[in-house]
Amino acid sequence: MNQEVTGRRGLAQRTLDALITTDPHQRIRLAMAGLSALLMLGCIGAMHLVAAAGLTDPVPVYWWTLACGAGITTVFVLIRSGASRRFADPSLTLFQIVYAIACNAAAYVIAGPARGIAPPILAVIMMFGVFGLTPRQMVGVALYGLVAFGAAGAVVQWWHPAWLSPDSQPPALSAAYLVMIAVVLASSTFLTTRVHSARARLRSQKRELAAAVEQIRELAIRDELTGLPNRRCMLEMMRLEHARAQRSRQPLLLAQLDLDHFKVVNDTHGHAAGDVALQSFAQTVHGCVRASDLLARWGGEEFLLLMANTHPADGTRLLERVRATVAATPVALPGGTQLSLTVSVGLAELAPGESTAALLQRADAALYGAKRLGRNRVLLAH
Ligand SMILES: Nc1nc2c(ncn2[C@@H]2O[C@H](COP(=O)(O)OP(=O)(O)OP(=O)(O)O)[C@@H](O)[C@H]2O)c(=O)[nH]1
């Protein structure tokens, strides 16, 4: 029983896939075309009721039905075969609207005294344009609609071919229909401009929101003063690199860098000068390390350097270069004063099974040792 239901569902799915494909874009186009085809079928049904009521001759209604069916089929074939993808508008919205208006104007001619059904149908057709066409296209469609219904009105008023049931309509009623048609065309064109400006506003708000999210993301991971990754970002990177190093058994080094006697810099030159010194130090160190190393501001005048796939001998050599470069690069303060800085570094290699907290503690202890030994030096933890 269950298998039967599943089999039936599978068949329904396969039939649906064959009809409207599995491509999501094609599915939307075909679903929209299907919806307009349903509306067209409704109109065809209404026209046949008009003929059944004896208000008009059924023969023109049959021909009109054939023309409508041909339009629906053409649209379906062009979209389903993928041929419509060659056009700027693969949904063929403009074509469908133009064709539907022509059919509606023809219905106005052949519907006899029931032609009052045409203006509401025109309103439904124009609704598709409000959401699917540009304001420029809608102005074009509105003008075309006026011409089509103007011609249809003229046929009703002055041309009485033999194949059309004789029907005399007071000119005032023809004028009333034409006014209603003009109102429908004008109001849907106006609505299109409103919808388009609302969409443009939404797009610009979306862009602003994306920029704000990007800014917040940056603020969350960057240190404002130096532009380096901040403590939060470093903690996350340490967690990731720690897991990777444990998995791959590749060496991982962590260095803690601390400016020497930085309090004196602040006390002598002021806090603003201290900030300039921190920025300059960050730039100098950043210029010495490799792109694969992660330098972050840990807090105050303390920085961390995380070096993946690096052996202690190479890490020590790199940090010696950093130390020497910092000592040899005076900081130019805003007043023209030159400031010399030195840095002490504690370096530790991740031991098997060691946590990041323990690694950090050993790097910190090594830094403390470097300070005790007289500063301006690199000390490797054991
Ligand atoms: N200008 C500035 N100073 C900071 C900032 N963060 C921390 N500091 C200063 O850095 C100094 C750190 O001083 P201490 O921890 O005593 O260390 P130190 O003077 O560098 O001495 P040692 O580390 O022992 O060589 C303090 O004066 C803090 O105010 C900052 O963002 N800007």
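Each residue, glycine too, has its Cβ placed from N, Cα and C.
According to TrEMBL, the transmembrane segment annotation covers 30-55 (among others).
Residues or ranges marked as transmembrane segment in TrEMBL: 61-79 (among others). When Cβ-Cβ distances below 8 Å are used as the criterion, the transmembrane segment (61-79) is approached by residues 26, 29-30, 33, 36-37, 40, 43-44, 47-48, 50-51, 90-92, 95-96, 99-100, 103, 106-107, 110 of the same chain, each at least six residues removed from its ends.
Per TrEMBL, transmembrane segment is recorded for 91-111 (among others).
Per TrEMBL, the feature transmembrane segment maps to 117-134 (among others).
Positions annotated as transmembrane segment by TrEMBL: 141-160 (among others).
Same-chain residues lying 6+ beyond the ends of the transmembrane segment (172-193) with a Cβ under 8 Å from its Cβ atoms: 108, 115-116, 118-119, 122-123, 126-127, 129-130, 133-135, 138-139, 141-142, 145-146, 149-150, 153, 156-157. For 172-193 (among others), the entry in TrEMBL reads transmembrane segment.
What TrEMBL records for 195-222 is coiled coil. Within the model, the coiled coil (195-222) shows a mean pLDDT value of 95, rounded to a whole number.
The domain 'GGDEF' feature in TrEMBL is assigned to 250-382.
Beyond its flanks by at least six residues, the transmembrane segment (91-111) meets 28-29, 32-33, 36, 40, 43, 47, 50, 55-57, 60-61, 64, 67-68, 71, 75, 78-79, 84, 117-118, 121-122, 125-126, 128-129, 132-133, 137, 141, 144-145, 148-149, 151-153, 155-156, 164, 177 of its own chain at Cβ-Cβ distances under 8 Å. Note on the transmembrane segment (141-160): residues 94, 97-98, 101-102, 105-106, 108-109, 115, 118, 122, 126, 129, 133, 166-167, 169, 171, 174, 177-178, 181-182, 185-186, 188-189 of its chain, located 6 or more positions outside it, place their CB under 8 angstroms from a CB of the stretch.
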